[in-house]
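The structure appears below as structure tokens.
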Amino acid sequence: MSVAKVDDNRKVTTHRLIEMKQRGEKISMLTAYDYSMAKLIDQAGMDVILVGDSASNVMAGNVTTLPITLDQMIYHGKSVMKAVNRALVVVDLPFGTYQGNSKEALASAIRVMKETHADCIKLEGGAEVRESIERILCAGIPIMGHLGLTPQSINKFGTYTVRAREEAEAKKLIEDAHLLEEIGCFALVLEKIPAELAARVASELTIPVIGIGAGGGVDGQVLVMHDMLGINQGFSPRFLRRYANLGEEITRAVQAYIEDVKSQDFPNEKEQY
């Protein structure tokens, strides 16, 4: 497998993502939640790093994204920002911090921006959270939208199945996508929707559309780091491509360490002072 060379070390900005869409350059996006992994991902040349509320699942062991708090998201965001020089860093607003009212939404977004120094925030939903989005945007905070399968609404959906297969839901998604662009979102994530629908949305919008389980006709792709590196071994949806099996490698390394300690092979003479 060839390794992409990073020729441009300039800081990635929201405007630069739009330029990438205009010239047909695909956008790479991956999650990170801590300093060490964020540093490696940034040095590898990732365009966008998402401090996702998926930390609730892969870092804290929760079944859904719902339990993670704003304080916890800020902790992860601060850790990532200390490591990143090039990538655009997006921090998710967690469940319950923007759905209630626009004043609460703005306060949440301001806390994230002030305390993490992130570049922008991401939130889920369309017309139903319009007021919150507009109020945050009026404060000069860039927003990435998120439509399709929105994990914070899992109790409403009841399942993580593909969304917008039916005509009515697809129509609403298209309307919401145009609305998010119209009111000022700089980019949009589409999760787990039919590839044809996602490609249509990407072609109709001027802002970048980044997909996860949304086919190849969008402007970029995002995956959860633990999934694509094979750390989260129990998760294997159709859209996921594994680029490593670190779960197996870590297990082997730990077992080798245990054996060396038990057998007194570690430390040897060269590993002592």
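Yeah, the Cβs are placed from backbone N, Cα and C, and that goes for glycine too.
Remember, it's a predicted structure, so these values are computed and weren't measured experimentally.
Here Swiss-Prot flags Asp53, Asp92, Glu124 as Mg(2+) binding site. Around Glu124 (Mg(2+) binding site), the same-chain residues six or more apart in sequence whose CB sits under 8 Å from its CB are Gly145, His146, Leu147, Thr150, Pro151, Gln152, Ser153, listed in sequence order.
Secondary structure from DSSP puts Lys122 (3-methyl-2-oxobutanoate binding site) in a beta strand. Long-range neighbours of Lys122 (3-methyl-2-oxobutanoate binding site) (same chain, six or more residues apart, CB within less than 8 Å of its CB): Leu50, Gly52, Val90, Val91, Asp92, Leu93, Ile143, Met144, Gly145, His146, Val189. The feature 3-methyl-2-oxobutanoate binding site is assigned by Swiss-Prot to Asp53, Ser54, Asp92, Lys122, with sequence analysis given as support.
In the three-state DSSP assignment, the secondary structure recorded for Glu191 (active site, proton acceptor) is strand. Summarising the environment of Glu191 (active site, proton acceptor), the number of other Cβ atoms within 10 Å of its Cβ, over all protein chains shown, is 22. Marked as active site, proton acceptor by Swiss-Prot: Glu191.
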In three-state DSSP terms, the structure that Asp92 (Mg(2+) binding site) belongs to
strand
Intrachain C-beta neighbours of Ser54 (3-methyl-2-oxobutanoate binding site), sequence separation six or more, cut-off 8 angstroms
Thr31, Thr65, Pro151, Val224
Integer Å value for the Cα distance linking Asp53 (Mg(2+) binding site) with Glu191 (active site, proton acceptor) is 14
Is it possible to get the count of other C-beta atoms within 10 angstroms of the C-beta of Asp53 (Mg(2+) binding site)?
29
Show, in sequence order, which residues other than Asp53, Ser54, Asp92, Lys122 on the same chain lie with their Cβ within 8 Å of the centre of the Cβ atoms of the 3-methyl-2-oxobutanoate site.
Thr31, Leu50, Val51, Gly52, Ala55, Thr65, Met73, Val91, Leu93, Pro94
Assigned conformation of Asp53 (Mg(2+) binding site) - DSSP reduced to three states
coil
